[in-house]
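Asks: According to TrEMBL, the protein has these features:
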DOMAIN    1-48  domain 'Sushi'
DOMAIN    49-107  domain 'Sushi'
DISULFID  Cys78-Cys105  disulfide bond
DOMAIN    106-190  domain 'HYR'
DOMAIN    191-250  domain 'Sushi'
DISULFID  Cys221-Cys248  disulfide bond
Amino acid sequence: LSPQERYYRNILGTTCDIHCQKGYELHGPQHLICQSNKSWSGKVFCKQKRCPTLSMPPNGGFKCVDGAYFNSRCEYYCSPGYQLKGDRVVQCMDNKAWSKRPASCVDMEPPRIQCPSVKEKIAEPNKLTSRVFWDTPEGQDTADGILTDVVLKGLPPGSYFSEGDHKIQYTVYDRAGNKKTCKFLVKVRVRRCGKLNTPDNGYIKCSGDGDNYGATCDFSCIGGYELQGSPARVCQYNLGWSGTEPTCTPMNINIGVRTAAALLDQFYEKRRLLIISTPTASNYFYRMQLGILQVKKSLLYLSEILFLLPN
């Protein structure tokens, strides 16, 4: 028996109380007596205290210095995609218990998802919409790699989008209920040339919006007037109109011709309808009615024939 830094007597009948340093526990009797055979009444030793072995947290682990013995420290860690819940460092105490409750690793990190960049499209010729495609973004869970749902807010790829800005949003969810959202814009632009004016004494009829790329505007004049300039103009990609600006001017008929056929040819060339009525008992003269002749799909619409009765 050799207590450190303590004086003791070892004569017959001497009784010694045995104590261990902090972090150690006594194995053997606490009291020893010096016997007549010149030996102590028992054998004792101090053994370093040890805490229970820590359980390995799912999706993580721990590293210890000096194992699980008194005063040793253990540090928890988690696998990628998981976060530590609880104290990262625990220490073995003198009461053979750990200083903190065991930590755990939980999936608290949201999944990853990346949306495409802004999609800008020009509407197709003579249309006010554009069909837009993109690759559906694929999410990735940072923990176990398993996603439970992908939710789209907005039109799906391959849809026709009208003029303007459209917000597209994707949201992904993992098994722990974490979610991540990404957004991007689909921008559809309609190239426009600017509205054309209706000519005086005339009409204008346009396709589409009237000024969008590819739109066609047809011009005509009322009875007694003829069109000068382009009868149809198209809005071009460079935002300019084809042809020249039309005007409606009074019709000029040459009556100094020698035959009726020559007179009628002038009306035919000018796309005008000449109607001659027969004399009546009260009026012995022929009357002429002059009107516009317009053809749509090889059909003549009477509502588009405007008559001008000369005085």
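Here the Cβ of each residue, glycine as well, is placed from N, Cα and C on the backbone.
Unlike curated records, TrEMBL annotations are generated automatically.
The model shown is predicted, which means the values in this text are computed figures rather than measured ones.
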Asks: Average the pLDDT scores across the domain 'HYR' (106-190) and report the rounded value.
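Replies: Taking every residue of the domain 'HYR' (106-190) together, the mean pLDDT is 91.
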Asks: Looking at the disulfide-bonded residues Cys78, Cys105, Cys221, Cys248, which sits with the largest number of other Cβ atoms within 10 Å of its Cβ?
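Replies: Of the disulfide-bonded residues Cys78, Cys105, Cys221, Cys248, the most buried by Cβ count within 10 Å is Cys221.
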Asks: Quick check for the class: what is the C-alpha distance, in angstrom and rounded, between Cys78 (disulfide bond) and Cys248 (disulfide bond)?
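Replies: Here the two Cα atoms are 84 Å apart.
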Asks: In the domain 'HYR' (106-190), how many residues does DSSP assign to helix, to strand and to coil?
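Replies: DSSP classes over the domain 'HYR' (106-190) add up to 0 helix, 44 strand, 41 coil.
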Asks: Measuring Cα to Cα, how many angstrom lie between Cys248 (disulfide bond) and Cys105 (disulfide bond)?
Replies: 84
Asks: Which of the three DSSP states, helix, strand or coil, fits Cys105 (disulfide bond)?
Replies: strand
Asks: Could you measure between Cys221 (disulfide bond) and Cys105 (disulfide bond) for me? Cα positions, answer in whole angstrom.
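Replies: Checking the Cα atoms of Cys221 (disulfide bond) and Cys105 (disulfide bond) gives a distance of 82 Å.
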